[in-house]
Amino acid sequence: MNSTGNDRNDDGNARGDNARGDSDSTSLSTSESRGGGRAGGSEDDDGARLGGLIVATALPYREDRSAPAGLAVDLDRYAAHCRWLVDNGCHGVGPNGSLGEYSSLTPQERRAVARTAVEAVRGVGKVVVGVHAPGSHQARAWAQAAAEDGADGVLCLPPTMYRADPREIVAHYEAVASVGLPVMVYNNPLDTKVDLTPELLAELADVEHVVAVKEFSGDVRRVLEIRERAPGLKVVCGADDVVVESLLMGASGWFAGFPNVFPRESRRLYELGRAGRVEEARALYEPLVAAFRWDSRTEFVQAIKLGMDRVGRYGGPCRPPRGPLTPAHHRQAAADLDRAIAALTGDAG
C-alpha cells in the first residue's frame, strides 16, 4: 500500500520519484490534479473555490509535563505530516478542525498550528483553517489571523454553545466573511444541533465570500437539493462514509478524515467518484467503508489516530477530555482498519 509511511519519513523527506500518487490516479481529471491557492490554478476551478480533497488534519502531541495535560503539540511532526499528505496526492490540509482537537488547544497553540500548516505546504497545497468559536467576534478574529498567516480560506461552524436562529446564523457568517477570505460553512447538525438546511444555505450563498458548504448531515439527498437551491455554493462532502455517493451526486470536494491514514487511496477514490467511474469506485470503497464509518462516530479522533499508528505513521494520544478507546472499541476499530489495510495491500484472504 502506498500510504503506509514507506514513501516519506516523519522528517518530510520524500522517497522515490512519484510521491504525488500513481499516474492513473492523476490522469483522471487534469483540473483536479493539484491544489489551488498558492499551488496555482484558475480562480474558477474547484480548488480555488475550496473544492478538491482537503484533509482535516490530526494533530500529534509529545509528552511534556509542563504542557496542558502533559502533552505538547509536536509542530515539527505536524509540519511533516501536512507535507506528506500533499506529497501523496491531497489538494490541501485543514488545521484546527474537530479532528485537530482545536477545542483542547490554547489560543497560542491554535495560532501556531495554523501557521505551521501554511508554511508546510506553501506553494504546493492549500490551507483551509478552522475558525470555529462560540461568538462571532471570536470567529472573525480567528479568520483575520488566518488571513494574516496566509491561509487560502476558512471553515466555520455556526455559533457554538447555543442553538442560534437563522437570523443569527447569517449574521455570524457575515462577520466571518467580512475578513475577505473564502468561507466554507460547516453543517454538522449531529454535534451542533443546528442544521444548515438547503433553504438557509440559499441565504448564506448570498453572503459575499461564502463559497462552499461542508455537508456532514449524512443525508446524500442534500447534495442535489443544495445545488438546486444554492447553485453558486460548492457542496463538499464532510463525512467519509458517504463520499462516493456524494461525489456521484455532484459534490465538488471532500473534506476528509481518513486520508490521514490513506492519502493516495483517498485521492484515487475522489478522482473515481468525480469521474463517475462507479464500478472502480465501489471496488475501492467497499473494503474501506467500515473504517470510514468511524469518521461519523464519537470516537473518530481516536480511531483515525489508531489508523495512522497502524500504517506506520504517528497518530499518538489525544488531549483530555478525549481518552483512549475502550477495549471493545479498540478491537472493532482495529479490525475495520486491518480489513482496509489488507485489501489495499493485497493481503486480504
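Backbone N, Cα and C define each Cβ position, glycine as well.
Taken from TrEMBL, the feature active site, proton donor/acceptor covers TYR186. Positions annotated as active site, schiff-base intermediate with substrate by TrEMBL: LYS214. The compositional bias 'Basic and acidic residues' annotation in TrEMBL covers 7-23. What TrEMBL records for 24-33 is compositional bias 'Low complexity'. Among the features that TrEMBL reports, region 'Disordered' is placed at 1-47.
Calculated from their C-alpha atoms, the gap between TYR186 (active site, proton donor/acceptor) and LYS214 (active site, schiff-base intermediate with substrate) amounts to 5 Å. Other Cβ atoms within 10 Å of the Cβ of the residue listed as 'active site, schiff-base intermediate with substrate' number 28 in total over all chains. In the structure as shown, the Cβ atom of TYR186 (active site, proton donor/acceptor) sits within 10 Å of 26 other Cβ atoms.
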